[in-house]
Amino acid sequence: MGSMKEIFNSLFLKELLKGMSVTGKYFFARKITVQYPEEKTPQSFRFRGLHALRRYPNGEERCIACKLCEAICPALAITIEAEPRDDGSRRTTRYDIDLTKCIFCGFCEEACPVDAVVETRIFEYHGEKRGDLYYTKQMLLANGDRYEDQIAKDRELDASYR
């Protein structure tokens with residue numbers, strides 16, 4: 001037999017009333033759920049999304065084929081091949097990122113000495129096949145050309161944190 005207090009609590013369903021009070025408190029509280037995709041929350045300028053390769057203002061690719069991004073990538077998602085130029089510097093012939101492997105850690109962006117590879121704010125992309133998420137050098141350069149204004153603005157805002 002339980003004590004009189006246990007009988008009283010079970011008779012008046014004290015636990016149930018406590019639970020209902022918590023539910024009632026949150027039922028009438030202000031809603032914080034965002035109805036995506038109709039509503040969108042603001043993104044940080046430091047958001048790490050889809051990759052892009054940048055160019056200098058004269059149109060030349062920034063990548064100097066140092067392969068630091070390939071070496072630092074923990075997921076081994078970056079593949080780079082390079083060949084020497086006539087002036088002795090190197091040029092990338094292949095720069096591929098496999099987004100099915102990428103964990104979007106941002107190490108490639110931090111390792112790049114010339115800010116050639118960056119991660120944009122783009123997070124809405126898809127692929128119907130596995131190969132659609134394999135980005136080649138041309139696709140990455142196209143992303144960089146398309147979003148260069150936003151990338152430059154984000155890099156300027158991020159400069160104080162670097």
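The backbone N, Cα and C atoms fix where each Cβ goes, glycine too.
Just so it is clear, the model here is predicted, and its values are computed rather than measured.
Going through C105, C112 against Swiss-Prot, the one listed in the [4Fe-4S] cluster 1 site together with C63, C66, C69 turns out to be C112. Taking CA atoms as the reference points, C73 ([4Fe-4S] cluster 2 binding site) and C63 ([4Fe-4S] cluster 1 binding site) are 16 Å apart. Put simply, C102 ([4Fe-4S] cluster 2 binding site) is 16 Å from C112 ([4Fe-4S] cluster 1 binding site) when counted between their Cα atoms. For C66 ([4Fe-4S] cluster 1 binding site), the spatially nearest entry among the binding-site residues C102, C105, C108 is C108, judged by CA separation. For the binding-site residues C66, C105, C112, the largest tally of other C-beta atoms within 10 A is found at C112. Minimal Cβ crowding within 10 Å, among the binding-site residues C63, C73, is found at C73. Distant neighbours of the domain '4Fe-4S ferredoxin-type 2' (93-122): 43, 45, 47-54, 61-64, 66, 68-69, 71-83, 130, 133-137, 140, 143-144, 147, 150-151, 154-155; these residues of the same chain sit at least 6 beyond its ends, with a Cβ under 8 Å from one of its Cβ atoms.
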